Amino acid sequence: MLAFSSQYSAVDTNPLSVYIMQPIWNKIIKIVPLWIAPNLLTFSGFVMILFNYFLISFYDWDYTASGTSPGLVPTWVWLFSAFTTFCAYALDSIDGKHARRTQSSTPLGELFDHGLDSWATSIFVLSFFSVCSRDNGKSGVSVYTMYIYLSIVLFNFMCSHWEKYNTGVLFLPWGYDISQVVLIAAYLLTGTVGVEVWQKPLLFGYYITDVLVILLIGFSLFLSFPQTLYNIHRAHLKKTLKNDSLYEGLLPLVSPLLLFILLTAWVVLSPSNILAKQPRLFLWMVGVAFSNVICKVIICQMSSTRPELFHWFLFPLALVVYAAISGLLGPMEEAVLAVFTTLVTAAHVHYGVCVGRQLSEHLNIYIFSLKKRVQD
């Protein structure tokens with residue numbers, strides 16, 4: 001069994017979080033009963049995100065309901081999305097506070113929180129795509145823009161944990177709180193005004209979705225990633241880096257980079273244009289694959305062990321991508337994507353359950369209860 005560090009170090013410098021949201025969370029945490037396990041709060045928030053995603057998918061599987069057929073998604077769904085997003089945001093923000101309040105902070109709680117966050121990150125984005133809709137010739141965003149948008153968001157998440165892998169400190173990204181507030185506002189705006197607001201130019205011919213994409217790219221390139229490099233460089237100058245060699249420091253980036261290359265190759269070279277035919281299915285698979293890869297990095301970061309150079313998922317993915325772009329799959333490409341996505345999702349859930357059980361047994365605790373296990 002791996003030895004997990006019991007120390008958790010995080011730094012939050014976002015003014016939105018420090019001066020506005022934290023005081024709100026400090027009030028909400030007081031109404032949470034002391035007998036509730038922190039992991040139950042974490043999991044409840046994730047379930048709400050997941051339920052909201054499947055609800056939107058029911059009405060808008062191919063990301064066209066808000067564009068070519070506005071009104072197919074009922075108003076109450078958008079308002080419900082705002083509610084679930086806020087609840088999930090709140091639960092994710094107070095679970096750590098509740099753990100310290102009940103003196104139940106454990107490595108299992110940290111892994112459970114960050115592991116679910118790695119999956120929820122993509123689900124938030126995939127739900128939001130239904131608001132702006134796919135390109136219909138007049139408004140909306142192309143499926144390729146969706147793929148790039150999702151990749152950038154996942155890249156930002158990865159950078160935060162790559163940074164902690166090297167520095168031992170999790171510098172909470174400013175983008176998280178900002179993105180949650182923007183998401184809630186977007187759902188409320190859509191629910192009260194209608195999806196038509198996303199189909200009208202906002203300024204100089206640019207739509208709201210164009211502005212959001214520009215802000216996301218600018219935020220990532222000029223604030224988030226440079227800040228990550230700066231924090232690692234500062235740790236190097238202070239001689240507090242956890243990894244001395246450049247190879248060890250960059251090792252966690254190899255599998256995510258290869259994952260992005262393989263997925264991009266499938267998107268660009270697919271004979272049947274798989275992303276355009278099955279955007280929701282493909283982007284879901286991207287999010288699940290990324291989550292599994294980053295979970296391995298999080299475990300290595302917490303246990304101070306070396307991550308594997310090539311994640312196991314890369315090998316079956318490479319075979320599927322080769323079969324797809326070479327034409328071997330032919331008309332079966334969509335069916336293979338569906339089967340592959342199902343298997344990847346099942347493997348990811350199985351992995352999470354196994355790791356959770358092993359850690360709970362090792363720490364002599366229950367995942368969703370504050371009671372201690374009875375030793376045999």
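A Cβ is built for glycine as well, from the same backbone N, Cα and C atoms used for every other residue.
Taken from TrEMBL, the feature transmembrane segment applies to 31-55 (among others). If you look at the transmembrane segment (31-55), the same-chain residues 6 or more away from its ends with a CB under 8 A from one of its CBs are 77, 80-81, 84-85, 87-92, 94-96, 98-99, 101-102, 104-105, 108-109, 112-113, 116, 119-120, 123-124, 126-127, 366-370.
Tertiary proximity for the transmembrane segment (75-91) is limited to same-chain residues at least six positions away from its ends with a CB under 8 Å from its CB atoms, namely 24-25, 28, 41-42, 44-46, 48-49, 51-52, 55-56, 59, 120, 124, 127, 131, 180, 183-184, 187-188, 190-191, 194. The feature transmembrane segment is assigned by TrEMBL to 75-91 (among others).
The transmembrane segment annotation in TrEMBL covers 141-159 (among others). Within its own chain, the transmembrane segment (141-159) is flanked in space by residues 63, 117-118, 121-122, 125-126, 129, 132-135, 173, 175, 179, 209, 213, 216-217, 220, 224-225, 228, 253, 256, 260, 267, 275-276, 279, 282-283, 286-287, 290, 294, 297, which lie at least six positions past its ends and keep a Cβ under 8 Å from the stretch.
Within the chain, the transmembrane segment (202-225) has long-range Cβ neighbours (under 8 A, six or more residues past its boundaries) at 132, 139-141, 145, 149, 152-153, 155-156, 159, 173-175, 182. The feature transmembrane segment is assigned by TrEMBL to 202-225 (among others).
Marked as transmembrane segment by TrEMBL: 246-269 (among others).
Annotation comment: TrEMBL describes 281-299 (among others) as transmembrane segment. Non-local neighbours of the transmembrane segment (281-299) in the same chain are 2, 111, 114-115, 118-119, 121-123, 125-126, 129, 146-147, 150-151, 154, 157-158, 161-162, 165, 252, 255-256, 259, 263, 267, 274-275, 305, 307-308, 311, 313, 317, 337-338, 340-341, 344-345, 347-348, 351-352, 355; each lies 6+ residues outside the stretch with a CB under 8 Å from one of its CB atoms.
Residues or ranges marked as transmembrane segment in TrEMBL: 311-329 (among others).
The transmembrane segment feature in TrEMBL is assigned to 335-353 (among others).
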